[in-house]
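Student: The structure is given below, and queries will be raised subsequently.
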Amino acid sequence: MRVAVIGAGVIGLSTALCIHERYHPAQPLHMKIYADRFTPFTTSDVAAGLWQPYLSDPSNPQEAEWNQQTFDHLQSCLHSPNAEKMGLALISGYNLFRDEVPDPFWKSTVLGFRKLTPSELDMFPDYSYGWFNTSLLLEGKSYLSWLTERLTERGVKFIHRKVASFEEVVRGGVDVIINCTGVWAGALQADASLQPGRGQIIQVEAPWIKHFILTHDPSLGIYNSPYIIPGSKTVTLGGVFQLGNWSELNSVHDHNTIWKSCCQLEPTLKNARIMGELTGFRPVRPQVRLERERLRFGSSSAEVIHNYGHGGYGLTIHWGCAMEAANLFGKILEEKNLSRMPPSHL
């Protein structure tokens, strides 16, 4: 069976690996991954990689399940020999608010969730309420490299080319297309509900920062208040969230806003050396689009599995979505009478 995966961010690569691991042993798959951007030039490479969903309940309850499945999968990998190459580690830190808020739906997923004590809040004089918990860090650049290695070992081919239309892929004789094009999905099929959520980050050298610090201001919206997330080599400072802004240029205004607010939150950052600055686009949509569609162009047709629209939480939800996409792929095989599938061990 010929499979074309379009998109090489965390969603595309993880979905490709999940499908190939589950079905290739019983039904040989000739899989190619098409993209005009590979690591380190994808949106996933810009992500700091903290596992944390949005604070509000998802409009699609299934997304909460996909978040949980991703956490469980990553936690099972935490002590494996692959963890370091994956960019996977435990990380603890703070969520800060100016007013009391309800506990998040994911509080029982993360480890050691609790409310901050008065003495802890004294460290953050601009905030009066907060949580502390331990979560997972999955650094995008390391993880994409690891996924690429796993897929290459399995014989999956990578094609550095922009796909202009579904029609060109279908007419090329592909049986199944996996559409993981993220914020650019609208170029292949119109989707009025998909928008870019532009983000900009500063990476600094600050090895003394050990905990993440996320602040929340409902009046500014998600990702528009300062956050600090330490990684294995650098610390990520953010953030901005600009809906509908397609500018890939780093903004001096946004840089100054991020730097000033993060240094106010953690004054020791004033001594940190700036290592880099990146801009990326979150694929914002009211809900993740994860569904099947059959496309026909003349006498040629193919099944398409859409998997995009993960907003700013692609790394948080990716493996649950990959497993669901693999389930849809299995149904396609069943309908084609090709399913001699072994039980999943994922």
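Quick reminder: no glycine exception, Cβ is built from N, Cα and C everywhere.
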Student: For the D-serine site, Swiss-Prot lists Y223, Y227, G312; sort out which one of R171, R273, R282 goes with them.
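Tutor: So the D-serine site in Swiss-Prot includes Y223, Y227, G312 plus, from the candidates R171, R273, R282, R282.
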Student: Per Swiss-Prot, which of 1-16, 177-192 is region 'Required for protein stability'?
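Tutor: It is 1-16 that Swiss-Prot annotates as region 'Required for protein stability'.
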Student: I need to check the long-range neighbours of the region 'Required for protein stability' (1-16): which residues 6 or more away from its ends have a CB within less than 8 Å of a CB in the stretch?
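Tutor: Result: 27-35, 37-39, 42-44, 47, 140, 143-144, 147-148, 151, 156, 158, 163, 169, 172-182, 188, 307-308, 310, 314-315, 318-319, 321-322, 325-326, 333, 338.
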Student: Compute the centroid of the Cβ atoms of Q52, R282, G312, then list the same-chain residues not in that set whose Cβ lies within 8 Å of it, in sequence order, for the D-dopa site.
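Tutor: For the D-dopa site, the extra neighbours are A47, Y54, I222, Y223, G311, Y313, G314, T316.
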Student: Please list, in sequence order, the residues in the chain of Y223 (D-serine binding site) that are at least six apart in sequence and whose C-beta is under 8 Å away from its C-beta.
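Tutor: Listed in sequence order: G197, G199, G238, G239, V240, F241, G312.
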Student: Taking the residues Q52, R282, G312 listed for D-dopa, what is the greatest CA to CA distance in Å, to the nearest whole number?
Tutor: 15
Student: Taking the region 'Required for protein stability' (1-16) alone, what is its mean pLDDT?
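Tutor: Computed over the region 'Required for protein stability' (1-16), the mean pLDDT is 98 on the 0 to 100 scale.
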Student: If we count other C-beta atoms within 10 Å, could you say which of the binding-site residues G312, G314 has the fewest?
Tutor: G312
